[in-house]
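Features of the protein shown, as given by TrEMBL:
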- 3-140: domain 'Nucleoside diphosphate kinase-like' (DOMAIN)
- LYS11, PHE59, ARG87, THR93, ARG104, ASN114: ATP binding site (BINDING)
- HIS117: active site, pros-phosphohistidine intermediate (ACT_SITE)
Amino acid sequence: MALERTLSIVKPDAVEKNHTGAIIARLEQEGFIVRAMKRVHLTRAEAEGFYAEHRGRGFFDELCSFMSRSPIVIMALEREDAIAKYREVIGATNPANAAEGTIRKLYAASVGENAVHGSDKPESAAREIAYFFAGYEVSPRA
Ligand code: IDP
């Protein structure tokens, strides 16, 4: 299995509750390398651009308000089989359905405010990493 990258976000609810460090530590324990990282407060328009594929869905407004409410921490993570492994570690979208020990089970309060984001497929990961990071920020140098 080749090295792969995924886009990770510690969402406003988890940053507000000071869970950022615990979440990053867990991801490092699971073998992810932090290739790039920053803390930003998105504008509403930036949140809408990031979630453009969800425009038209019932929760889009709520999601974009939430994601622009307060700062988030964004990371480009690298690991073998990163996309699938990351989604396994974070658990189901709705924390009520997330497996014991997953990040969403541990830190999320609801299906909307669910602590973390992760890319769902390689094309999304490439688009999402490019949305937030310039090429030199995720350079292949170790
Ligand atoms: P994912 O983040 O697990 O990939 P998606 O279905 O892609 O889940 O949804 C994106 C985000 O939209 C979720 O992480 C969550 O924050 C929000 N969301 C999804 N479904 C609902 C809902 O039914 N109500 C409110 N927010 C939702």
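Each residue's number is its place along the chain shown, starting with 1.
The backbone N, Cα and C atoms fix where each Cβ goes, glycine too.
Keep in mind that TrEMBL annotations are predicted by a computer and have not been checked by a curator.
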Query: DSSP helix, strand and coil counts for the domain 'Nucleoside diphosphate kinase-like' (3-140)?
result: 65 helix, 28 strand, 45 coil
Query: What count of other C-beta atoms do you get within 10 angstroms of the C-beta of LYS11 (ATP binding site), across all chains shown?
result: 24
- request: Please name the residue among the recorded positions ARG87, ARG104, HIS117 whose C-beta has the most neighbouring C-beta atoms within 10 angstroms.
  value: ARG104
- prompt: Max Cα-Cα distance in Å among LYS11, PHE59, ARG87, THR93, ARG104, ASN114, the residues listed as binding ATP?
  reply: 21
Message: Using the alpha carbons only, what distance in Å do you get between the residue listed as 'active site, pros-phosphohistidine intermediate' and ARG104 (ATP binding site) once rounded?
response: 10
- prompt: In sequence order, which same-chain residues at least six apart have a C-beta under 8 angstroms from ASN114 (ATP binding site)?
  reply: LYS11, ASP13, THR93, ASN94, PRO95, ARG104, ALA108
